[in-house]
Amino acid sequence: MAIDLTRDAISLAEGLANGEFTSVELTQACLDRIAQFDDRVGAFLYINAEGALETAAEADRRRAAGEDVHVLTGVPIALKDNIVTRGMPTTCASKILEGWLPPYDATVVERIKAAALPILGKTNLDEFAMGSSSEHSAFKLTHNPWDLDRVPGGSGGGSAAAVAAFFAPLALGSDTGGSIRQPAAVTGTVGAKPTYGNVSRYGLIAMASSMDQIGPVTRSVRDAAALQDLIGGYDFHDSTSQEALEKDLLGQVKATKVEDLKGLRVGIVKQLTGEGYAPAVSEHFEKTVQVLKDFGAEVSVVDCPAFDYAMPAYYLIMPAEVSSNLARFDGVRYGLRVEPEEGPVTVERVMEATRGAGFGHEVKRRILLGTFVLSAGQVDAYYGAAQKVRTLIQNDFDRAFEQVDVLISPTSPTTAFKLGEKESDPMAMYLNDVATVPANMSGVPGISIPNGVDDKGLPVGVQVLAPARQDALMYRVASLIEEASNDHTAEQCPAKDWKVA
Ligand code: GLN
């Protein structure tokens with residue numbers, strides 16, 4: 001019997017619990033599908049077949065012995081390749097880390113291993129998570145399983161494509177300005193950025209530490225809640241991590257009924273709709289707003305004026321942090337080391353040669369920009385001003401959440417664009433994150449869920465934002481929208497009909 005890989009992770013976990021199939025069979029089915037079709041998608045940078053099957057056998061042993069297992073035990077997962085995995089290559093899709101084998105596991109990986117979720121492999125991304133299309137990877141292109149000529153979004157395009165193409169029921173991404181949510185939107189999957197601090201960053205290779213968050217990429221809201229339950233919570237190794245206020249997100253999602261929409265105060269962010277959004281994106285968003293109203297939600301428009309300045313402020317704060325975080329790649333400590341072609345081999349000259357050869361254009365652009373905005377003469381005018389804008393954005397969120405319970409917006413201004421279409425135009429690329437960046441600037445949780453497909457058959461996403469530390473509310477409302485709009489986009493990707501040649 002072939003296992004139906006379009007099922008969501010919770011449904012597959014039920015299959016494991018009922019003895020419909022074993023984790024070894026499920027993991028093998030995912031590995032087979034990856035072997036058959038990943039040459040056309042390019043989701044994976046590394047495939048961990050042997051390790052995944054070993055973990056699967058352990059999961060089967062635990063379930064057979066009647067041990068008290070996690071709900072997701074035995075369900076395979078893919079990891080974005082900026083999350084460190086002991087003994088398994090971790091490259092950030094950069095030449096500078098080629099050949100590096102981490103000596104430790106990220107905290108999220110430790111938790112995944114402890115619960116025996118087979119790790120299928122590491123997924124492609126924009127180099128060091130900088131981009132919105134995954135085209136900045138030093139190693140390969142990832143194609144959108146909905147239309148192979150289009151991008152899967154970024155930076156976490158590999159994880160999103162792996163879930164969309166039914167290679168993996170679960171994946172992890174990282175979101176600094178939208179890299180979980182935007183790829184989710186354009187691949188018809190669910191992507192959640194938890195409240196800043198709710199999931200440990202230990203072992204996530206830093207991009208901009210004050211905004212980076214690891215989070216779930218899945219096919220349903222309940223799967224994302226279950227995965228955050230597993231990876232979230234306080235971690236001694238991350239000084240910014242905190243215990244979640246609300247535990248058992250999955251239980252809370254399950255206990256939510258569509259009647260709970262009645263009286264829910266939903267705010268449409270004025271600055272994140274209208275001009276700049278593709279007509280199909282706006283149409284689908286309006287339709288969802290109508291569904292919410294039909295179920296009795298009180299919908300209003302909320303003004304967040306500082307959001308108009310989120311992008312420029314992000315492109316000052318993020319590169320500043322990037323320039324500091326990436327200083328560790330010096331040709332001495334990790335991966336690549338390039339010696340100067342001629343002249344003396346000094347530390348500075350090895351560093352220069354290594355970085356010159358090891359970093360791609362976009363990474364260099366951001367390091368230079370960050371170094372400039374932090375330089376003595378400029379820091380107040382640029383970095384300081386951007387930090388003030390950040391406070392204004394936080395104030396906008398605070399005021400908004402006095403008026404409404406949650407905020408909604410389209411996740412991304414357009415559906416998936418063509419490969420190569422924006423690669424040479426950084427400004428056009430940056431604008432993909434206009435709706436996702438405000439959450440990172442303030443630390444609030446955000447989730448993107450599928451919101452139908454446009455007339456080209458490309459998925460659209462809708463975003464739900466909740467107050468900080470109210471991830472449970474975010475998941476509950478997202479699952480209500482999922483149910484009320486009766487959207488099954490995540491199971492509809494044409495990849496389901498691919499045949500082996
Ligand atoms: N696309 C955004 C950027 O390039 C977000 C990246 C991310 O969230 N990692 O900065």
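Glycine is treated like the rest: Cβ placed from N, Cα and C.
Quick look at what TrEMBL lists:
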DOMAIN    25-472  domain 'Amidase'
ACT_SITE  K80  active site, charge relay system
ACT_SITE  S155  active site, charge relay system
ACT_SITE  S179  active site, acyl-ester intermediate
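Location within the structure of each feature annotated in TrEMBL.
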residue : record                               : CB count, 10 Å
K80     : active site, charge relay system     : 32
S155    : active site, charge relay system     : 35
S179    : active site, acyl-ester intermediate : 36
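For S155 (active site, charge relay system) paired with the residue listed as 'active site, acyl-ester intermediate', the C-alpha to C-alpha distance reads 5 Å. According to its DSSP assignment, the residue listed as 'active site, acyl-ester intermediate' is coil. Recorded residues K80 (active site, charge relay system) and S179 (active site, acyl-ester intermediate) have their alpha carbons 11 Å apart, per Cα-Cα distance. DSSP gives K80 (active site, charge relay system) a strand state.
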